[in-house]
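Some features that TrEMBL has for this protein:
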- 6-318: domain 'Glutamyl/glutaminyl-tRNA synthetase class Ib catalytic' (DOMAIN)
- 12-22: motif ''HIGH' region' (MOTIF)
- 253-257: motif ''KMSKS' region' (MOTIF)
- LYS256: ATP binding site (BINDING)
- 414-466: domain 'Aminoacyl-tRNA synthetase class I anticodon-binding' (DOMAIN)
Amino acid sequence: MTIANIKTRFAPSPTGFLHLGNVRTALFSALLARRWQGIFLLRIEDTDRERSRAEYVDALLDDLRWLGLQWQEGPERGGPQAPYAQSEREAIYEEYYGQLEDTGRIYPCFCTPTELTVSRKAQLAAGRPPRYSGTCARLSPADRRARLERGLSPSLRFQVPNGQTVEFTDLVRGPQRFASDDIGDFVIRRADGTPQFFFANAVDDALMGVTHVLRGEDHLTNTPRQVLLLEALGLPVPHYGHLALIVGSDGGPLSKRSGDLSVRELRAQGYLPEVLLNYLARLGHSYEQDTWLNVNELAAGFSPDHLGRAPARFDEAHLLHWQAEGVQRATYEQLWDWVGTGVRDQVPEEVTEAFIATVRPNIRFPADALFWAERFFGVELARSVESETAITAAGSGFFGHALAAYDQYGADYPALTANLRERTGLKGKPLFMPLRAALTGETHGPELARILALLPAETIRRRLQACC
Ligand SMILES: Nc1ncnc2c1ncn2[C@@H]1O[C@H](COP(=O)(O)OP(=O)(O)OP(=O)(O)O)[C@@H](O)[C@H]1O
């Protein structure tokens, strides 16, 4: 399969911080475009005036950039179909409402929210699926005029044709068929004049030349409405692919409203961007390799054919696995930046690289690096209970020998430990554990040989002396 001139998009609403479900949609869309040298477009769907906020727009742009999911068209970058925020496109929408009006495909609806609720309840009580009953479609022109003269602000409803079947082939879920009779006439412009999602989203995709729409399965039932609208407007219908949703540990889909697992939060904890990409790319999508892939490799192996239909559950253990891998792969510069000021302030300048090399296999988060920086370079050494036990068991004579061996061999670990073995007759754990406990206050941790080379000689002597 080859796809020419592909354009994909991510179209979030700025109503909260992006969560892993949102970001996986962005990632798959970006990978699909990159795979076929196409364009990845970003559009801000801020038509919900009450819930949309400028700070969420800034946050989502920042999150996507941090993840390396740079868009080629969209906010800040511009493009042939600017503007890319729906709140700035109302004049464009007016033109298309006009077209639908001219062709008699829409009508004003004066029903109040209360009337709609009553009708919905009555239909449910009668065991029917709720849909708009068509009250305002039956108003005469005189009735409509009278209501408008009374100053009522109508919404605009799209008149769904009867007796049709809407069909499309979903990129993930295969052939789909919906009976138009099951779809009630739906609002495309709210009474406050703002466009409804179905309308603005479909019109923008068409005008912006989007060829492939990957989005969450929560939109599957919107698609037949959007297909009908685009057909009524004579606009091109993109290929749709509906992705299984990511569910949290409670089994419910992640949602911005409930502030689920935001990228910000994960970033603040110290997750690395490529870690999230490697994790998310495998959540509901299979790759031949289960090894670490960079973004180009993720794109090269991406295909809608490898997308699964079952909901994908967020699994922290998998994410932690990728995080451990990401830390091993990061450069010294990346990690030195990532560990944060608490670590940078404590580690002496001349051993920063040695510090990172020493702790790298034992850390997954900046907090872990801080833990070791404090153990190595803190003035006061807080010892764990286990290390106190190991020190007591070794006895003070052991540390006198250790000091003598250190004075003779310094940080030459093989020579020092061989000498200590000779002096004490100990080997294995009884030899190494008390040494580790005295030097770090812990009975686990980075390689002892590296620790010996990293700590200032004066610290080593002081800590061994303290156990004598
Ligand atoms: N739990 C989820 N798993 C996978 N994709 C999701 C999930 N929730 C939303 N998406 C997808 O993320 C994209 C952006 O959606 P949107 O900005 O509407 O976020 P949302 O989380 O649904 O927000 P809200 O909670 O405010 O409804 C859409 O394609 C949507 O289908």
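Going from the start of the chain as shown, residues are counted 1 onward.
Each Cβ is built from the backbone N, Cα and C atoms, and glycine gets one as well.
A Cβ distance under 8 Å defines the sequence-distant neighbours of the motif ''HIGH' region' (12-22), meaning residues of its chain 6+ beyond its ends; these are 44-48, 51-54, 56-57, 59-60, 63-64, 216, 245-246, 253-257, 259-266, 276, 280, 283, 314. Within the model, the domain 'Glutamyl/glutaminyl-tRNA synthetase class Ib catalytic' (6-318) shows a mean pLDDT value of 95, rounded to a whole number. Taking all protein chains in view, 20 other C-beta atoms sit within 10 angstroms of the C-beta of the residue listed as 'ATP binding site'.
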